[in-house]
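J.: Handing you a structure now.
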């Protein structure tokens with residue numbers, strides 16, 4: 001599905017870090033993106049490959 | 001204030017002090033901006049003065065009056081229940097509206113927002129001219145947030161006057177009409193129609209579309225229609241309002257329905273067919289602000305117009321004309337001006353009708369979810385199975401969850417019933433947070449409460465309903 005699943009605060013955090021949530025690997029339950037997932041993406045570890 | 005040609009310099013000027021404007025002003029001030037807010041009519045805007053708040057006050061008074069006369073089922077009977085409507089209005093105006101608007105004034109002052117009561121015109125993209133009663137003053141600004149709101153639409157043949165009134169007139173009547181005709185059965189018309197019926201009016205609602213409350217689903221609206229029928233409200237759908245004739249001490253309303261011309265005589269006719277944005281007389285055209293063909297200001301996801309220093313929020317931008325939407329956009333715009341990386345980002349915007357029963361919706365309906373390409377199902381749980389609803393003797397209604405088939409994530413919810421306006425908040429949080437039915441079902445809900453129906457509906461979505 002096309003729904004981004006993340007808490008509102010995580011969505012805002014990602015925006016502040018200029019992270020596109022569709023590029024972040026979700027590790028939370030039900031495919032939810034956690035704040036730590038955004039941090040992991042920023043650390044360079046978890047790029048989504050198309 | 002000193003009259004002069006020198007410009008007062010501001011970081012941010014907000015035009016309009018409604019739920020969008022005052023929130024924008026306060027948030028901008030919290031961010032450290034030097035802020036002034038300009039209001040031409042009333043602090044608190046439409047919502048607090050002639051909208052959300054006074055209408056809820058009258059709706060409450062209507063409930064009190066109606067219940068005082070209909071307590072037989074509880075063994076309560078009362079004789080000679082009387083209504084002093086001038087006292088009702090006095091309470092609404094002073095006990096409710098003035099209390100809130102003076103609170104807003106205080107909040108603005110506390111946040112050091114300068115309040116300017118006057119009319120604003122753009123001179124150029126960094127200058128405003130404000131006409132107050134006694135003077136004119138020029139303000140220069142780095143950023144302006146336009147939050148001028150909307151006003152009632154006047155339709156052909158229904159020129160507003162003493163007996164042909166808009167929603168503001170409908171809220172400020174000095175007497176309960178014996179007969180009231182309402183043109184437009186949307187949220188405003190249905191809410192005030194219900195309120196005046198509770199207060200004793202004989203109400204007729206003329207609606208152009210096939211159902212009243214067209215923004216809500218049929219099974220929700222049916223419950224309101226049932227209540228209307230019980231209260232003796234006449235609803236004419238697919239009706240075309242033609243003309244209102246003021247007879248001095250009454251008004252004749254002509255309309256067409258089922259191919260026939262009809263006429264009703266009433267004390268008042270209230271026209272609530274929609275609202276138009278207040279984007280004229282501001283000088284927006286001087287700035288070359290891009291507008292839609294409906295007269296709404298085009299903005300980006302931060303509320304910025306095509307002119308870099310000018311922002312717009314609330315009823316003058318696209319989207320639902322709701323107070324909480326305006327306030328939400330206000331905070332985004334004010335924070336964006338301070339350089340915060342924010343944007344309008346919501347998955348569910350709640351919408352409520354304060355009818356009997358109340359209707360509330362957030363996120364997708366099942367139909368909308370399917371149109372968006374989602375594979376979803378609905379789980380609908382009736383208030384008839386809820387102990388609290390039974391103890392309140394308000395069993396009409398339901399909570400419906402729209403969840404993905406794959407993993408039961410909540411993408412929308414609809415609530416009809418007593419306190420739906422409050423029950424929707426939990427579902428809004430769940431939609432916004434991407435929670436699933438299991439998250440809701442595993443959350444302990446207090447017993448007995450109406451909120452338990454949300455838990456029951458979630459258990460139903462999981463295939464394990466306890467109470468049905």
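All positions are counted from 1 along the displayed chain.
Every residue, even glycine, has its Cβ placed from backbone N, Cα and C.
TrEMBL entries are annotated by machine, without manual review.
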J.: From B:118, B:259, B:274, grab the residue that TrEMBL records in the same NAD(+) site as B:184, B:185, B:186, B:187, B:188, B:189, B:190, B:191, B:207.
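T.: As annotated by TrEMBL, B:184, B:185, B:186, B:187, B:188, B:189, B:190, B:191, B:207 share the NAD(+) site with B:274, chosen from B:118, B:259, B:274.
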J.: With B:56, B:148, B:149, B:150 listed by TrEMBL as binding FAD, identify the candidate in B:300, B:315, B:345, B:356 belonging to that site.
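T.: Record check against TrEMBL: FAD site with B:56, B:148, B:149, B:150, extra candidate from B:300, B:315, B:345, B:356 is B:315.
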J.: Of these binding-site residues, B:148, B:150, which scores lowest on Cβ atoms within 10 Å?
T.: B:150
J.: To the nearest whole angstrom, state the Cα distance for the pair residue B:447 (active site, proton acceptor) and residue B:47 (disulfide bond).
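T.: Taking the Cα atoms only, residue B:447 (active site, proton acceptor) lies 34 Å from residue B:47 (disulfide bond).
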J.: Over the domain 'Pyridine nucleotide-disulphide oxidoreductase dimerisation' (B:349-457), work out the mean pLDDT and round it to an integer.
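T.: A mean pLDDT of 97 is what the model gives the domain 'Pyridine nucleotide-disulphide oxidoreductase dimerisation' (B:349-457).
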J.: Hey, how far is residue B:150 (FAD binding site) from residue B:47 (disulfide bond), Cα to Cα, in Å?
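T.: If we compare the Cα positions of residue B:150 (FAD binding site) and residue B:47 (disulfide bond), the gap is 11 Å.
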J.: Report, in whole Å, the straight Cα-to-Cα distance of residue B:47 (disulfide bond) from residue B:148 (FAD binding site).
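T.: Cα of residue B:148 (FAD binding site) to Cα of residue B:47 (disulfide bond) measures 12 Å after rounding.
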J.: How many helix, strand and coil residues does the domain 'Pyridine nucleotide-disulphide oxidoreductase dimerisation' (B:349-457) contain under DSSP?
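T.: Going by DSSP assignments, the domain 'Pyridine nucleotide-disulphide oxidoreductase dimerisation' (B:349-457) contains 40 helix, 33 strand, 36 coil.
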J.: Measure the Cβ-based neighbour count of residue B:315 (FAD binding site), defined as the other Cβ atoms within 10 Å of its Cβ.
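T.: Its Cβ shell of radius 10 Å holds 30 other Cβ atoms.
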